Structure formats: C-alpha cells, structure tokens
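Student: Would you mind keeping the following structure in view while I ask a few things?
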C-alpha cells in the first residue's frame, strides 16, 4: 500500500481519490441532479475546476517554508550551531546574537519565496474568477458563472475569441459543418488553428443546442498529460456506442477562433485537465560547478573539524600546564573545576561556533543573485536579438548559466535548426518523367502543363490529374478567410508564447508544457520523422504595431465571391505542396470534415466526399485520405509518405516486367537524385477501393475507433490493411535551405573543442548533402558509413574492422596504445586524422545494443563529426544519454520541433530554436534562440563569461571566509584556546553580510575576463571551461593556502606591532579587521580584468560603508558586548599614525604572492593567446 501525504488528502478531499485504479472515467450530465447535494451527485469524485498552483497558505507559510529551506544542509548546520550556542558550557557569543546571520538568510529567502507564491496566488484567483457560461436546468439557458464553478458533467458554452475553461467534449458548434477552430498558443506555443469536430450524431444543422435532452453516458480514459491522445465513446440509452478522439476535445487554456460559439460537456476539470497535467513548474537542474562546490564545502567541514580539534587539544593541554587553576577560570556552582579533558571536549563545540564562518552561509544566496544578473545580461544582448521575428534569447532554466561554458558535445537537429524550414518546391517526377522548377516561386513547367491540359481536354482523368489532386487534398491544410484571420490572431510580438487578454495569466499555467512518457509530437505529414509541427505563415504588421498572422499564399475563392481565403498548413512542406498544386491550377477552395472542394485548371469545381482520413504516424510514415469522386463515384484513396513507406506497398510491380515497374524504377532513380541534391523527398500514390471492400473495412475501423483498450494498435492494423497495392503517381523534391552562417558556426564550435553531431530523420543521401554544405563533413575527411547494415553480426564485424584500421593509422611505432590520439584533459579525439561517421537509424539500434555499445562509443570518440540519419525521436534522446553517461561529458542538444523534445531534455543543456515549428521545443528547453548562428555567441561569449565569473566567485568566497576566520584561529594560540574573539561579534556579522558581500556579487555578474571580440575570433579560449581550468581541485586548494598565508600576515604584523603595549583586546583586533577588509577587497581588485564605473562604486563603497558603520557602532555602543566594549575604539585607532602604517604594510605583504602569481599567469595567457592567433593565421 502506498503512503499518501495527509496534506494532499486535505487539499483534494478523500472522496476524489475514490477508486483511483478505475481504468476509465464515466461522465453523465449534471442537469438531472442539479438540486441534489454535492455528495449525492454521480460526478462528485472528480476534481473541481478551481486551481491552486501556489504552495503556501497564510497559516502554513512559515512552517512549510522553513521545512523547505532546511532541506539545505548548510541551513541545518548554522541553525544547529546557533542552538548549540545557547548551551552555557560551550557558548562562544551572546546566544541571541548568534542567531542573527542565519535568521537574516532565512528571512531573505522566505521573503523571495513568499513574493513568488503570492504572485502565483493572484494568477490563480484571476483565472478562477474568469467568467464563463454554464447551462442551468432551472433557467433553461446558459448563465454566466465563474471558472471555479465549473464541474465535470456541466455543459459549457464558449464564444468566439474566448478561452476554454476546462477540457470539453464538443457536442455542438455554430458552424454548419460541425467544426470548431481552436488556437493552442497558450498551451504549446503554436499559433496555427487546430480543427475540432462535433462527436458524430450530436449536432443537427440549424437546430439550437439542448443540453437538457442529453441522456447518454460519456466513457473516456483517465486524465493524462498527452496533448495528442484522447480516446473514448459516447454510449446511448440503447447501448449504441459512438467513438471519439482528440479531434473532439476542446482543451483548457486554448482559444476558440473562427466559430461564433461552441458547446459541450466537461470531461476533465481543474488539475485533471491536460494543460494542468503538463504544468510541471519551472525547470531545475544542478550545474556542474554546483555539484563540485558541494564537495568543496565538505572539504571546508573537514578543515573546520581539524581546526576545532586543534583548539580542543590545545585548550586541554593549556589547562594541564597550571599547577593550580588561575583566578580568571570560573568554577561551577559547586565550586568544582571542569577536568581538562572534559573542558577540551566542550571547547571543541565552542570552537565550531567561533569558526562557523568557515562554511560560507551566504554563498548559495549570492550564487542565485549572480545567476539572475547573468541571465539579465544574456537576454539584453542585442547581438542575440532577432529583428525579423522581434524576439530575444530566452533563459528558461535559471541555474545552469555556467554550464554554457563547459559544453563538450553538441547534438543538433537538422530541419529547422540548421536549415530555414522554409520549403521551396523544386522538382517533381510524375509517372517516371522528371520536371524541374528553378525559381523560388513555383513557375509551372511547360511540358508538365501540356500533359495536364491534354488529360483535362480528353479524358478528364489520368495519373497527372490524380498526382495534383493528391497534392491538393492529401494534407491537413485549413482554409479560412482573411477577415477571419485578422479577427483571429493579434499576438504581442514581444512574447509569442502568451496570448491576448489573459495570456499573461495563462503563461503561468502553461509555461513548462512538456511531452512526456516517451510520446513525441512528431509532425504528421512530413517526408520523414524529422518533420515540422508548426504552421506556415507570413507576418503582416497592422496599424497598431502588432503582428497579424496571415497566410503566405492567398487565393480568390470562387465559392465566396471576392472574399480572399488563406491556407494554414500544419508544416512548411504542406504549404509548399499545396502552393505547387495551385500553381498548376488545382486549388483547394474549401475543407470541411465531410467534403473537400478543389478548383481545376478549367475553373470547374470538384467536391469530394471525405470518407476517412488516416493520419500520419512515425511507424507507418505516411498519410492517406479516402474520398468519393463526384463524377465517377469511385472510392479513391490518395496517399503520401516517405519513399520506403510507399514503394514497399506497390504490390508485385517489381516482380513482373510492366509499365508500372518501369515507372517505379524511374521514380526511384529520381528520388535518389533528389536526395543527393539535398532535397526532401515525398512519394504519392493512389488506390481505387470497391464499395464492398470499403464497407467491410469501415465497420472494422469504427469498432477500433470505439475501443479504449489497445485502440492505437487496432487502428494501426486497419490502416496497414487498407494501405496496400498502391498505384504510384509520382514524387516531389522540396528544398530546405541552410540558415545564415551555419557553416561558420559549426567550424567555430569545432575549433572551440566541441564535437558536433547532427541527428535527423532525413534520408542518408539528403543528410550527407546537407552535412557537406554546412561543413559538418569536409571532402578531405575520412568518412565511415554504416548504412543499411542488416545483421548484428555484420555490424559487429564492421565496427571491429573500423576500429582496427583507426588504431593502425593513429599509432606510430612505439606509441602508447592507451593514450595516443587523445587529449589528456578532454575525452575526445585530436584533430588528426579527421574522421567522420555516418550511420542510419536501424544500424544505430544495433550499434547501441549491449553487445556492441562499447565498441560504438570507442569509434565515436575518434570521430570529429557524426551524422545520424533516419533516426526516430526516441533514438535521438538515447544517443544523447549514451554519450553523456559513457564519456561523462557535458552535452548540449539543440532543436526546433516537438520531435526534438526528448533529445533536448536528455542533455545537460537544452536549446530550443523558436522558428517555423511552433514553440514546443522552446517550452521544453533551458534556453531559446531564434537562429542557429546565435549558438556561437551564446556559448563562446556568454558561456565563457558565465563559467569564469561563477568559478572565480565561488573560489573567492571560499578564500574570503577562510582568510577571515583564520584570524580568530591564530589568536587562539595566544589566549589558551579559550575561543575568545578579539573582534566584536557584531562587526564580524557585518563583515560577511554587508562589508564584503556586494563586491563578489558584482564580480560574478559583470566581470569580462576576455572581450567578446577576442572570444569570437579565438574560439580555442573556450576550452578553458571544457577542461574546468577555472574551478579545479588544485585551484581550490591554492586559494585556501593563499587564505592561510594572508591570514598569517594580517594577524602577525599587527601582533608584532602592538606586542607589549597596553591596548585592549578590541583595540588589538580593530587593525586586523581593517587590514583583512583591505586585503580581501584588493585581492578581488587584482582578479578583475575589466573595470567599469560600477566596479569602482561598489569597491570604494564597501570600504566607505565599513568605516561609516564601524565608526557609528564604536560611537554608540557603550555596553554592547560586556565585559569588553568597543566604545570609541575605532576613533582612537584612526587618530594613531601607526594604524595607517600597519594597514598599508600588512596589505602589501599579504598581496605580494597573489600579485606575482597573477602577473605570471597574465604573461603566460598573452603568450598562449598570441600563439593561438599565429596558428590561426598561418593555418
């Protein structure tokens, strides 16, 4: 039995968890039970529609927030020490004062968390109180209510341009064809319209919707987060069942468009809706530096332990030196003295309290502030701003900015990431004859037009007409009017992920939408698995300065007079194909769920009855539409898909010598030529189905549609059954051009030490052509090709032979077999020899099997570039995980489509490209860019800066705390290890919280170790982050040793100066405190490479704040720390010339080694940089 959190039960109510293992959800109308109490209603166990995304209540904020903060061991550590200070035998300071530092840290964090949660609460309230229309049986009409009043089983009406309040099964629309258009921009970032249709049998043309007559039962699957899948059926009183799918579900958070009103029954509400189940909150990843930093904190704990142990042993030994106890050692209430061993044991804990600052309590808060500042400057970089799209880079993960500077492997999608994803129709092959189109706008080929005209004039049918009809109707392109378009979308250019009116509210609800469970939102109508999922449109600015989404191609509709219509294609491929059909006179004029109308070149209209549509899936890799021809009344199936998915189902044309065989052979030859030229290929075919065959198949199909168990498998079987014995019509080749500066970007990344992989679903020929075009592969490279390897044994033999050849070519006589060919600091190949690998999906599956995976990984280590083609989305993520885990390297994945989501989430850093394919990759990513070329500046400049800044800041924090706390440690040798402090405790608190906190934060945000122009011209400088040169274990210990040295200088020079004088303990500690401040501040000044006005203000301001606060504290604190008081001590010290001499001399001596070391390092860096530059220009 699984344990359920009591808070969860209180929040959701026990009744809602009744029978959670129920396989399906049964929903009935609430109208007959409207007058009953809630506990008597049949849908009572389901969630209400009110949502709550904030974590805290007013009464639970303090305990819950403290509980969360105490998940950090550092907070528990400091609270434990503060409580320990209340124990009289071990306390080092006033108990109340010891609580101040941790209370300040906890309070600041609580204020931040509380403010963020309050904003979530306001968002929830705004959403929950949004008005909507719910049908009331008492008033027999739709009445206005609030979203929070909606329940499962209610009938809800949504008007045009209104947001859908819950997941609603569509039962009625004002559209005469029973369709409703829905915009999902708030949910998945896509601005294309999704068509939804009424459940069959529940919409009568011209009749008003009457919810009170609904007496059926809705049976559907339990709530899940799959946005592309929904199955169930409506069961009528006579037990007849009507199946439905995702195309009948209106999703919460989406907006109704181009439809006056739509109505239906609520099936999921509140936190059970698909949008809320996809709302997993902000992304959190632990950076590499953070993981290493936690280890160094443990080293500090060990160091603290030994220092306290020395103090405890020293105190016990010191007590043993007395023959009789001195008068200043106070006995207990019984007059007994604590034994020296026990006193030493107590002193161990007292020393922990005294030296607790060794563990940097403010480091974690400072890191959060630094990363926020780094993100601000990344997003404000004008070089990463896309003027055409009016978008800037987005940082969606707030805590891994430094990982951008340590990437070793880059995995990239091809379509839409390296290429423009703006498709141009270039070539087509019809019945074995190839036709070329050279212009960017489709200009019809004369010979092809003559063939079309000949068939139009003679027989009114034929393969050429069928080919263009397939182009025109075998798709999911929607047709809408321009006026409806302009009414439909007005998107704020500054944030396309939002929506009008309450878009900002809904962004909080849906900002982390992801694809889960291995399901991917692959494009349904593409050349291959690597296809787009956005819609193809152009942007037209209106007078208000907003973006109005309109179609790229507009045609005059013969059905609606002079009103223009526009196409909305689900992918740029579909847009290119339908525009090509239009160029030859085959124009789709109207599409409804039941009919599609095409205007022919002779202006005649063909209105096809749509009998069924078999949508695309990544297994079949094809799409089919079954229609009835208006003239011949034949049932015809038009199909398009990948060449392998069509050619293998042509029947027995290859077994006998016939005209069909010649056509297939010629078409295949043209397809291969298209692929070699880098074009995206697609095949078209048709099949005539008899009435009897269709009726039998349709009955089986309807049963599969009504099923809930194994529905997908049964639908797949029916599709595979009917999609056979095709007649080949032809093929198309579509050009997808490379984006600007892609070759230069890939070369820069490679020079920076990164291995670049391209993972694509395209054909090998197409992928290889693009790989050479983008300089992923060079013509002088030695490229190993693993294509169409059928047997695993053959794959194993190929791998062994290739590895053997590589070892022989890379190992000269006498070389070490283990290390030859590899860099000692980075797991990867040297530049010579230059080796590439091309492998396809089936072979990749064999190579990644348990038996061959080690050999495959070893081969990949030798390759400077790898091209994986014909891979599925799951294979993309599997490859990323394999390389990341086996080689223990930092990985980055970049993609632009929903089929890249798994890959993006599997990498250490995920980059989404917000281009033509919607926003799902962006919403699953850590960072979002608009062009692949921006990756160069994001990594080489900002990645380098963020890594070096944070690494240096963390090291500085450890140094600063150790250097300061050691002053107290050295003093223990002169006070009998009694845990006495020569610095006032309030000043010790102020020292870390105020005097020295701002400079390292400023350093972590604004430091520029090297200028951006230098970093871009010398990408080799990026290797510093790959090799972790900024934050090595040696760097940490060097900083600790430097801190020990500086603390010795800062203690003993003032000690020798004032030794033998009669100054008090705080007068003795004040010069040490001041010298320590100067040393720590100037140490940071030595590290700063680029000074700005902000640096000067903060550095000088910190010193001024120290003197102002210390002088004020010394003036007003008459009895703050009895029996010793700091009253007027600072004023007396500043009146003594010796104080200034001590400060100057001590600071200079303390910083001499650091200055000398920095100068040597600077000279070496300049020499290395000039050497790299000379290599660049001579090579």
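Backbone N, Cα and C define each Cβ position, glycine as well.
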Student: Check each of the ranges 275-296, 297-318, 319-340 against TrEMBL and return the one annotated as transmembrane segment.
Tutor: 297-318
Student: What range among 937-962, 1093-1118 does TrEMBL record as transmembrane segment?
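Tutor: TrEMBL lists transmembrane segment for residues 1093-1118.
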Student: Among the residue ranges 97-115, 116-134, 135-153, 154-172, I'd like the one that TrEMBL describes as transmembrane segment.
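Tutor: Spelled out, TrEMBL records transmembrane segment over residues 97-115, not the other listed ranges.
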Student: Please report how many Å separate the Cα atom of residue 413 (active site, 4-aspartylphosphate intermediate) from that of residue 896 (Mg(2+) binding site), as a whole number.
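Tutor: On Cα coordinates alone, these residues lie 8 Å apart.
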Student: When each of 97-115, 971-995, 1036-1057, 1063-1086, 1093-1118 is checked against the transmembrane segment (343-365) for Cβ pairs under 8 Å, which one has the most?
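Tutor: Going through each listed stretch, the top one turns out to be 971-995.
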Student: Between residue 899 (ATP binding site) and residue 415 (Mg(2+) binding site), how far is it from one CA atom to the other, in Å?
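Tutor: That separation, Cα to Cα, works out to 11 Å.
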Student: Give me the stretch from 97-115, 971-995, 1063-1086, 1093-1118, 1138-1164 with the greatest number of Cβ pairs under 8 Å to the transmembrane segment (297-318).
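Tutor: The stretch with the most contacts is 971-995.
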Student: Using a Cβ distance cut-off of under 8 Å, indicate which of 74-91, 97-115, 971-995, 1063-1086, 1138-1164 has the most pairs with the transmembrane segment (1036-1057).
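Tutor: Looking only at 74-91, 97-115, 971-995, 1063-1086, 1138-1164, the most contacts with the transmembrane segment (1036-1057) come from 1138-1164.
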Student: Using Cβ distances below 8 Å and needing 3 or more such pairs, separated by at least 6 in sequence, tell me whether the transmembrane segment (1093-1118) contacts the transmembrane segment (1138-1164).
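Tutor: No, these stretches are not in contact.
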Student: If you measure C-alpha to C-alpha, which of 415, 896, 900 (binding-site residues) come within 10 angstroms of residue 761 (ATP binding site)?
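Tutor: Passing the 10 Å Cα cut: 415.
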Student: Reported as an integer number of Å, what is the Cα distance between residue 870 (ATP binding site) and residue 415 (Mg(2+) binding site)?
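Tutor: Given the Cα positions, residue 870 (ATP binding site) is 13 Å from residue 415 (Mg(2+) binding site).
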Student: What whole-number Å value do you get for the CA-CA distance of residue 415 (Mg(2+) binding site) and residue 616 (ATP binding site)?
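Tutor: It is 18 Å, counting Cα to Cα.
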Student: Which one is it: of the binding-site residues 415, 899, which Cβ has the fewest other Cβ atoms within 10 Å in this structure?
Tutor: 899
Student: Short question: which residues 6 or more past the ends of the transmembrane segment (1063-1086) have a Cβ under 8 Å from it?
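Tutor: Counting only partners 6 or more residues beyond its ends, the transmembrane segment (1063-1086) has Cβ contacts under 8 Å with 956, 959-960, 963-964, 967, 971, 980-984, 987, 991, 995-996, 999-1000, 1003, 1046-1047, 1049-1051, 1053-1055, 1057, 1099, 1102-1103, 1106, 1110, 1124-1126, 1129-1130, 1132-1133, 1139, 1142-1143, 1146-1147, 1150-1151, 1154-1155, 1158.
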Student: Name the residue among the recorded positions 413, 896, 900 whose Cβ has the smallest number of other Cβ atoms within 10 Å.
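Tutor: Counting other Cβ atoms within 10 Å of each of the recorded positions 413, 896, 900 gives the minimum at 413.
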